[in-house]
Structures are given as structure tokens and as C-alpha cells.
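What Swiss-Prot lists as signal peptide is 1-24, and the listing cites sequence analysis. Swiss-Prot lists 32-136 with the feature domain 'Gnk2-homologous 1', giving sequence analysis as the kind of evidence. Positions annotated as domain 'Gnk2-homologous 2' by Swiss-Prot, on the basis of sequence analysis: 142-251. According to Swiss-Prot, the region 'Disordered' annotation covers 263-283. Residues annotated as topological domain 'Cytoplasmic' in Swiss-Prot: 310-683. Residues or ranges marked as domain 'Protein kinase' in Swiss-Prot: 361-641. Feature annotation from Swiss-Prot assigns phosphotyrosine to Tyr434, Tyr536; the stated evidence is similarity to another entry. Taken from Swiss-Prot, the feature phosphoserine covers Ser490, and the record attributes it to similarity to another entry. Feature annotation from Swiss-Prot assigns phosphothreonine to Thr528.
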Amino acid sequence: MEHVRVIFFFFACVLKIVPFICLAQKDKYEFPPGFNCVASGGNFTANSSFAGNLNGLVSSLSSLTSKPYGFYNLSSGDSSGERAYAIGLCRREVKRDDCLSCIQIAARNLIEQCPLTNQAVVWYTHCMFRYSNMIIYGRKETTPTLSFQAGKNISANRDEFDRLQIELLDRLKGIAAAGGPNRKYAQGSGSGVAGYPQFYGSAHCTPDLSEQDCNDCLVFGFEKIPGCCAGQVGLRWFFPSCSYRFETWRFYEFDADLEPDPPAIQPADSPTSAARTERTGKGKGGSKVIVAIVIPIVFVALFAICLCLLLKWKKNKSVGRVKGNKHNLLLLVIVILLQKDEFSDSLVVDFETLKAATDNFSPENELGRGGFGSVYKGVFSGGQEIAVKRLSCTSGQGDSEFKNEILLLAKLQHRNLVRLLGFCIEGQERILVYEFIKNASLDNFIFDLKKRQLLDWGVRYKMIGGVARGLLYLHEDSRYRIIHRDLKASNILLDQEMNPKIADFGLAKLYDTDQTSTHRFTSKIAGTYGYMAPEYAIYGQFSVKTDVFSFGVLVIEIITGKGNNNGRSNDDEEAENLLSWVWRCWREDIILSVIDPSLTTGSRSEILRCIHIGLLCVQESPASRPTMDSVALMLNSYSYTLPTPSRPAFALESVMPSMNVSSSTEPLLMSLNDVTVSELSPR
């Protein structure tokens, strides 16, 4: 009977973890684009034949059927002249129906953003669309351009870095150019340098180009690197006829996870085709049979291994201890699942090793204490410094955070996210091990009158851009799509070079990319009041726009040097809320007065643009807030015109007394900005 209960609990564990392993990466397209209205192409009049043809072409997109290769060549009009020509192209991993939807949206927005322009192009995250009054099919075009850089340069092995980068891109260029008339795309990896052991890249041309034109277009793009972004650990370049990308982390799907191309049509009497199909397992049908057989076998084997481990563990422990520490069963399953991705061997850390590293968790090594435990500085025997988070044994919420951080952070790799080095399970002990961040958290600098004088505008702008890239990775580019839910200054750690790293994923939530246009709800609201979006604080409704709101608050805090205390302060109960104050100054055209007086240098136009972006992020309506993809575009491209912000959501204090919010074990402080359920992040 006891074994039956163990097996039942095991299934409950598996069901709990399935969302983490089954949520495949799916890209979306509903992001504000990078427009370029080609001024050199001239203009047309609203009542011209070209205007009618262009509008007709865009309208006809809604009646098209999706194509298998993500490429659309379109034209509208008769032979009398003033025909409209257009091309649409999607990234390789975008599903067919999503691709067509992306191009439809891009086309509609492009003619709205570039009215009466003869030629224009727009790049979305996952597709591009261009139109012209001249034939563009089969003709290489390398202007205009759009580019993004990571903002971080390689600090050593520069020559080797540049050589291996170009070597990888050149190899991908050759593969893409030879791709044939349906698709000219290549993705792949290559050897890197110390600190970045693997390089990743992609190259893409519109398939209407000849092999030579595709090659020339990409070469033209590669030649841009030395003048703008040599040594950058990440970059993207977009041209009307081609694009390429280089990163030090895998940003693309594996080939096996991509939607397969349709089989090539062979003549019915082709013996070569028949023989090839037989040798490959009767084509697609054979692979489906193999998948149908292999998947159940894998799950049965996984179940058998888990069950054996569970029963062996149970045999060596008393029943009372099992009941008292039931979550260790779930954690054993987590280890097995991590082993599937070759993480567990390197992530599991022995308890005695951590005791030695922290001098038996000495109070002298304690960096901070939060609602779910303490954080200690430690040093491994090899000299590596670490931050050790020891969760409280009595905190049920700590269990939840522990599982979250292992399952998420173990598979998240980004320069602007804190890195999980390992974890430990020893009886009642639950311990997480992180990289050690020397400069502690952002709040220690930005809210300290003396320390924030060390932060010139260049450093603050780097912080804003780094946090934006980290959130964009969580929302769009990571293996999982994640809503952080507790972004705040104390959860932004700063390394030795003041690069920001997002920390504390205990409250993070996975979300299904098929449902990104809708909101999710929770009856248990957790987070920090000053950074909570109103729809989340009041109704428990959250989405990626919840993180965008928190980011906007953070941007305004970084620029003003003030905390968002929701209309209260320690010395003045009638103090004006930070967002309210900034909004009032914006409306009264005295916005320069909100800039931190210690910011004596730096581009005022750049600072004002960041305030503008911050106000867009804290708008009351979630639908009005930009996505992080859009924010990254706003920060990197001054050609993008910022929309006018609407009223921020700053009147939260009126609803706070009636809200059922999870609280930490710490007493509430005077500032509502500090009311939080999050523990102190590793430093």
C-alpha cells in the first residue's frame, strides 16, 4: 500500500514537471517593427493608380494561404504601369500560419507608418516585408539597414574572436547561398574562445536571389562589422535582401525541432526516389512510426528508473522522514529530468563541500537574510567565489522557489541573468549556489546619495540596456518563455564592470506562447508593491506586460535616483508618487527637473528618450505598453519614432489595504515600495 502511495506521488510529480519539459519554444510576431520609409524612392499621391494597387495588394494578403517556405512574392496592377511589388519573408523557425499572419500585420503597419512613400521596408522580430513601385523580385538590395549590437565587447583574445566569428559566418554564408530557389538559410555553431566556448550564427537571404547575389549581400553585411561592432559578443544586421546574426549563446531551434519542409515532388516513375524512400524508413510515415514507438519506451524507461531510485531511497530512510520531507521525492525527479540535458552531474553540490566553502555557514560570511532564507559568501577549494542561498526549512514558499529556480535557471544562459552554479539536497536542507556578484545590487547604488554619484550616464544607460536584453531573453529568446514577476532594483545585481544581472526567479512563471495575447490570473499575489502593475496588484492578472511595467519603474528610478514609494515616504505622508511626479513634469514640459542632479554629463536627448520609454512602459493599460522586443528597438534605433505616452498607473495606494498579498516573514517597512515576498538575492 505504501508503494502505491509512492507511485501515485511520483505521477503527481511528473504532472507537475511536464509543463517545464513540454513547453516548446514558439516565436511570436506581434512586436512593433523597425520601419524604414525610403526617402530616395520618392512619393506617390493618395489618388494615384499606385496607391490603389498597393492597398489592393495589402488587402489581398488576408485571402492568401500559407506557404511552406515562408516566402511571398506579390504584385498588383495591370501592365499599364504603376504596379505595386512586394516581398515577404519569415525566419526559418516561424510556423507557416504564424508567418502569414506576421506578414499581414507587417504590411498593414508599414503602409500606415510610411504613407505615400514609393518604397519602404519593415523588419519584425520574425518576418520582414517590403514594397516598391519597381520590380524587386530577383534583385539584390542592401539598403536601408537595421542593426543591433549586444553592447558588450570581448575583453581578451580579440584577434582569435574576430577570426572565429568571420569563419563561422562565412561558412553559413556559403550554405545559405547554395540553398536553392525555395529557401536560402543556414544556422550553426562553431568553436569559440575562453569565456565564450561556443559561437552561434545564422545567415538568411530572400530565396529569389541567385547564389552569387545572396553571397554578395551577406559579404556586404559582414564588411559592416569592423566599422561598427568588432568584438561584440552579439550582433544582428538586417538588409532588404539578406540578414545575419551572431551570438555567444544558442538563439535558434535545433534542426529536429523545426517545422519540416514539404517533400520534394518526384516523378512517379523515378526509381531513385523510390529507392531513397525505402532506405530512409518509408519516408515521413516511417519516422512517425519510429517516434510513436520510441517516445513510450523512453517514458517507460524514465518511469522505471525513477521508481527504482525512489524505492531505493525509501529503503534507506525512515517512513517518518519521508513524510516529513516529501518534497525530496519531487527533487529526485528534478535531478533525473535535468540529467536528460546533462546538467545534473555538474549542478549537484555536496553539502559538506558547501559547509567548507562557507566556513560552516558562518555569520561572518552572511551577505543578507530574506523571507525564505539566508545568503552566504563562499569559496570553493579551487578559489572560485560563490553565493550560497540556504532556504529556510520552515518555509513552504521556499520549497516552491527552490523548484522554480532549479528548473528555470539551470537551462537559462544569458549574460544579463545571474548564473546558477549548482544546488544541494541534504535531508531538510535546500541550497542554491550562484555565481558571486561583487557589487551587490542596484538599490545599494541608485538610492544612496554618495554611491549614485559614481554612476555616470554611460553606466546607467548600460544598466537599462542590459536589463532590457535580459527581459527580452526571458520573454522571447530563451528555451522557455518566462514572466519574472519580481523585477526591482534589489533584484538587479551588478558585476565588477557594473553590468546588470537579473536575479531571484522564485516568483517566475512559465507561459505558453500560444496564449501570449491573453492574461493569466492568480489568487495569490506576490511581489513588490512599488513595481507591481495595477492589473496584477488589484486583480492578480499578469502577462509579459507585468514585467514591462516593472522595467519602466526601474528605468525612471535609475534616471531620477528616487524610489517609487507609491505616494508615501518616511518624512512626508503627502509626498508625491514618483510616477505621478514624473508624469506631471512631462505634461508641464519641465521634464529636465526630474533628472538626478548628480548626472552632470551625458546626452540630455538620450536621457529624455529613456524617460519617454519608461513612461510608455508604465502606462495604465497593459495593451498600451510596448513589448520588450519593442523596448530594445527603441533603445537601439533612433529612427524609431516613440508614440506619445498615456497616463501612468500610479494610484495604487487606494486599493492596497483591501488586497490579499502574500507577505514575507519580515515586518512591513514604512515604504510600500519595500513590501515584498521575495528573499534577498545572492550577492
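Glycine is treated like the rest: Cβ placed from N, Cα and C.
Between Tyr536 (phosphotyrosine) and the residue listed as 'phosphothreonine', the C-alpha separation comes to 11 Å. Taking the C-alpha positions, the distance from Thr528 (phosphothreonine) to the residue listed as 'phosphoserine' comes to 10 Å.
Distance noted between the C-alpha atoms of Tyr434 (phosphotyrosine) and Ser490 (phosphoserine) is 16 Å. Broken down by DSSP into helix, strand and coil, the domain 'Gnk2-homologous 1' (32-136) contains 36 helix, 29 strand, 40 coil. For the domain 'Gnk2-homologous 2' (142-251), the number of residues in each DSSP class (helix H, G, I; strand E, B; coil) is 36 helix, 37 strand, 37 coil.
The average pLDDT computed for the domain 'Gnk2-homologous 2' (142-251) is 90. Using a 10 Å Cβ-Cβ cutoff, Thr528 (phosphothreonine) registers 24 neighbours.
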